[in-house]
Amino acid sequence: MTDNDVAVVRPEQRSSGAPPEPAAGAPAPEPARARRGIGTTIKSRERWAALSFMSPWLIGLLAITIGPMVASFYLSFTDYSLGYGEWVGGENYQRMLDDPRLLQSIKVTAVYTFVSVPLQLAAALLLALVLDRGLRGMSFYRSVFYLPSLLGGSVAIAIMWRQVFGTEGLVNQVLAMFGVQGEGWVSHPDYALGTLILLHVWTFGSPMIIFLAGLRQIPTMYYEAAKVDGAGVLRRFVSVTLPLLTPIIFFNLVLQIINSFQSFTQAFIVSSGKGGPADSTLFLTLYLYDQGFTQFNMGYASAIAWLLLAIIAIFTALNFLMSKFWVFYGDND
Amino acid sequence: MATMTETKPPASRRTERRSTVGLRRFVFHLLLTAAAMVMIYPLLWMLSASLKPLDEIFSDPGLIPSTWEWGNYAEGWNTLPHPFEKYIFNSLLIVAGAIIGNLVSCSMAAYAFARLRFPMRGMFFAIMLGTIMLPIHVVIIPQYILFNNLGWVDTLWPLIVPKLLATDAFFVFLMVQFIRGLPRELDEAAAIDGCGYWGTYLRIIMPLCMPALATTAIFTFIWTWNDFYSQLIYLRDVDLQTVPLALRLFMDSQGQTSWGALFAMSIVALGPIFGFFLAGQRYLVRGIATTGIK
């Protein structure tokens, strides 16, 4: 695999929600000299074409996304269960405050996210910096480090994790070689969440690839200039690499926080769907599944879903607000 | 000439420098290889455990089985209510539907976003980006009620129809980015030659989009093959179980007694992903690098 295979990352494009504009240098799209009548037919033909191209997406947006969102918001104010439901006002949200399992699940989700994401990104950045040095065999290492993030979400890996960190699992077998008697990590309330955090960190490959692409974008002239000014390796990292990489770090941070709040499969498999032991791996998503699809309290489950959305939205907004203080977008614009 | 020879460092210093660089490089490779081994070891160990006798899984952290228990695979294949190919077939049906759905519907929407002008395009584009980030958990309950009312629970439709409606907005975005990079002159040349919008889309844009389509197909394969949450919710019927559901069933029913067979089927489940990873790595890396989603 050559370096050209990593496509150009354009952070300004990725991070902005701006509407698509015609590529720069494209000729003015409107045929200015056309008579008004022809101009409008062309325009309306284009609109009809757009509508037909967009129609699957539009139907999906209404029927699969926005409709259910509105319905879910409505359901969160009812006690809907298996076809019956009455308006109960804010009772579901009131109930959350006195629900120890819900409070526990918020705590578990928060600990999971705020421990695993920084660790994962640190590992990703470190390995990206090492691999960016253009060593021979770099693409081999990149593949090896990337592979776990492709497989990590699957049931098979979660099953493996359960054995590896089990009482007689691989980890304890290795520890026994050093004379250490290990715990049953996945069945101990103090450590079970730790094994899931480790599993998340293990999948650092995809943010690493994004960091690598970002590092490619830093012009070498900055490093040359810094070298001329006598900057050492550390100084170049702190004053050149890190500031220019902050938009990518920010992007990875936003994305990984959003993702990890939604983690489900690993905790579900490792704890046999119960979030145990002693609710120590009860993610918010697991509790939502339990309420909605095991006990069929769909009204309450909808309220939990909106709580999850609110938490994600708040942290994403906070992330954007704080980005003003540390993300460097270049001073030429 | 004289100055040139002077600027060259003396031969002894040069070789000394080269050897320290060589040493540093060696240490670097050593550390990297060690890190790579730690990362990959659990996978290799699982592969070897799928061929080990049961007691050895719990006692030997090494990679070479003392006896090669190929019987684990036969046992795992036939231990569930259906032979394992039934689950693979179900998974492949969903995967095929999802890939076709995503390729057609997402590329159509992407062509409109990237090339056509229509009212409120900016707003729709922003909404599309927003839906990429929308957690499935927020819409899953009403979706379930909807599909339940349609009588689609315990059929494959809830897993395929949303893909036909471009709900994986991530791929729309991926293709919009790609189509924007294609020269517009091609569209114009096609228009002058009498190509309509559909003709341009089918004959100009789609053939040029092959890399983006390949990325979409590979990611859709991996995500759908790995998907557990929506299959868990919509497929309760034993005849419709997929590979991830079968693995879970296996683990909960008899995983404690036949780990070897369970690992064997886990390896079978990971095999196709690994294959796609080897074959399509270029597209995977490109997909991540341009859009940033695993």
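Residue numbers in this text run from 1 along the chain shown.
Glycine is treated like the rest: Cβ placed from N, Cα and C.
Among the features that TrEMBL reports, region 'Disordered' is placed at A:1-35.
Annotation comment: TrEMBL describes A:57-77 (among others) as transmembrane segment. Tertiary neighbourhood of the transmembrane segment (A:57-77): same-chain residues 85, 87-90, 92-93, 298-299, 302-303, 305-306, selected by CB-CB distance under 8 Å and a gap of 6+ residues from either end.
Summarising the annotation, TrEMBL assigns domain 'ABC transmembrane type-1' to A:106-319.
Annotation source TrEMBL lists transmembrane segment at A:110-131 (among others).
What TrEMBL records for A:143-161 (among others) is transmembrane segment.
Per TrEMBL, the feature transmembrane segment maps to A:191-215 (among others).
With a cut-off of 8 Å between Cβ atoms, the residues of this chain six or more beyond the transmembrane segment (A:236-258) that come close are 9, 11, 14-15, 113, 117, 120-121, 124-125, 129, 207, 210-211, 214-215, 217-218, 222-223, 226-227, 312, 315-316, 319-320, 323, 326-329. The transmembrane segment feature in TrEMBL is assigned to A:236-258 (among others).
Residues 72-73, 75-82, 85, 88, 92-93, 95-96, 102, 106, 109, 250, 253-254, 257-258, 261-262, 284-285, 287-288, 291-292 of the same chain lie 6+ residues outside the transmembrane segment (A:298-321) yet bring a C-beta within less than 8 angstroms of a C-beta in it. Under the heading transmembrane segment, TrEMBL lists A:298-321 (among others).
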(request) With a Cβ cut-off under 8 Å, give me the same-chain residues at least six positions beyond the ends of the transmembrane segment (A:191-215) that come close to it. (result) 6-9, 11, 108, 111-112, 115-117, 119-121, 123-125, 127-129, 131-132, 142, 145-150, 152-153, 157-158, 161, 165, 183, 185, 241, 245, 247-249, 251-252, 255-256, 260, 263, 266-267, 270-271, 276-277, 280-281
